[in-house]
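Asks: Below you will find the structure I want to go over with you.
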Amino acid sequence: MAPKAVLVGLPGSGKSTIGRRLAKALGVGLLDTDVAIEQRTGRSIADIFATDGEQEFRRIEEDVVRAALADHDGVLSLGGGAVTSPGVRAALAGHTVVYLEISAAEGVRRTGGNTVRPLLAGPDRAEKYRALMAKRAPLYRRVATMRVDTNRRNPGAVVRHILSRLQVPSPSEAAT
């Protein structure tokens, strides 16, 4: 069992929105690893970061991602920083990984004043976002099997583009 697609990208790139729509279009479930982490620990991501630190959060995240890659056969949406873990990057090998690309300006606009993003909290959000992009974009590109520009594209158009590039059998082919 393996996910149909694994979505990666910076905060605001559309992983949750695109994930929901893509899963619906494919007739499969969506597993968001950030939600799975909160369910598993009974704590918010912001609380884990504040209390235990980023390193402990990344350890928990890697465990959740590895389990999801082994057990989930729908669409998998990873937290924006999951690819910073070498173990996660290695585990993604052989999977269909879709990098939802976004510009820094669009990412800052989309994330707005969202307080549930610990690494973007506080002043100078635009600078923090650009720093995250500089660190993570090369990692997203390294693990991606498909790159999709989400700038100035509505979610429906992004999903249609992904569907056109996925190797998805039609219902009649799947029945044979």
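Each Cβ is built from the backbone N, Cα and C atoms, and glycine gets one as well.
The following feature annotations were taken from Swiss-Prot:
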{"type": "BINDING", "residues": "G12, S13, G14, K15, S16, T17, R117, R153", "note": "ATP binding site"}
{"type": "BINDING", "residues": "S16", "note": "Mg(2+) binding site"}
{"type": "BINDING", "residues": "D34, R58, G80, R136", "note": "substrate binding site"}
{"type": "REGION", "residues": "112-124", "note": "region 'LID domain'"}
Asks: Between the Cα atoms of K15 (ATP binding site) and R58 (substrate binding site), find the distance and write it as a whole number of Å.
Replies: 18
Asks: If the substrate binders are D34, R58, G80, R136 per the record, what's the largest distance between their Cα atoms, in Å?
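Replies: It comes out at 17 Å between the most distant Cα atoms.
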Asks: Using a 10 Å cut-off, grab the number of neighbouring Cβ atoms around the Cβ of K15 (ATP binding site), all chains included.
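Replies: 27, counting other Cβ atoms within 10 Å of K15 (ATP binding site).
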Asks: Cα-Cα separation of R58 (substrate binding site) and T17 (ATP binding site), in Å?
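Replies: So the Cα of T17 (ATP binding site) lies 23 Å away from that of R58 (substrate binding site).
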Asks: From the binding-site residues D34, G80, R136, pick the residue whose C-alpha lies nearest to the C-alpha of G14 (ATP binding site).
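Replies: Its closest listed neighbour, by Cα, is G80.
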Asks: Cα of T17 (ATP binding site) to Cα of D34 (substrate binding site): how many Å, rounded?
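Replies: Counting only the Cα atoms, the answer is 14 Å.
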Asks: What subset of the binding-site residues D34, G80, R136 lies within 10 angstroms of G12 (ATP binding site), using C-alpha positions?
Replies: G80
Asks: Other than D34, R58, G80, R136, which residues of the chain come within 8 Å of the substrate site, judged by Cβ distance to the Cβ centroid of those residues?
Replies: E61, L78, G79, G81, A82, V83, T84
Asks: Using DSSP, would you call R153 (ATP binding site) helix, strand or coil?
Replies: coil
Asks: Non-local Cβ contacts of R136 (substrate binding site) (under 8 Å, 6 or more apart, same chain)?
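Replies: Long-range Cβ contacts: L10, G80, G81, V83, T84.
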Asks: Do you know offhand how many angstrom separate S16 (ATP binding site) and D34 (substrate binding site) by C-alpha?
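Replies: That separation, Cα to Cα, works out to 10 Å.
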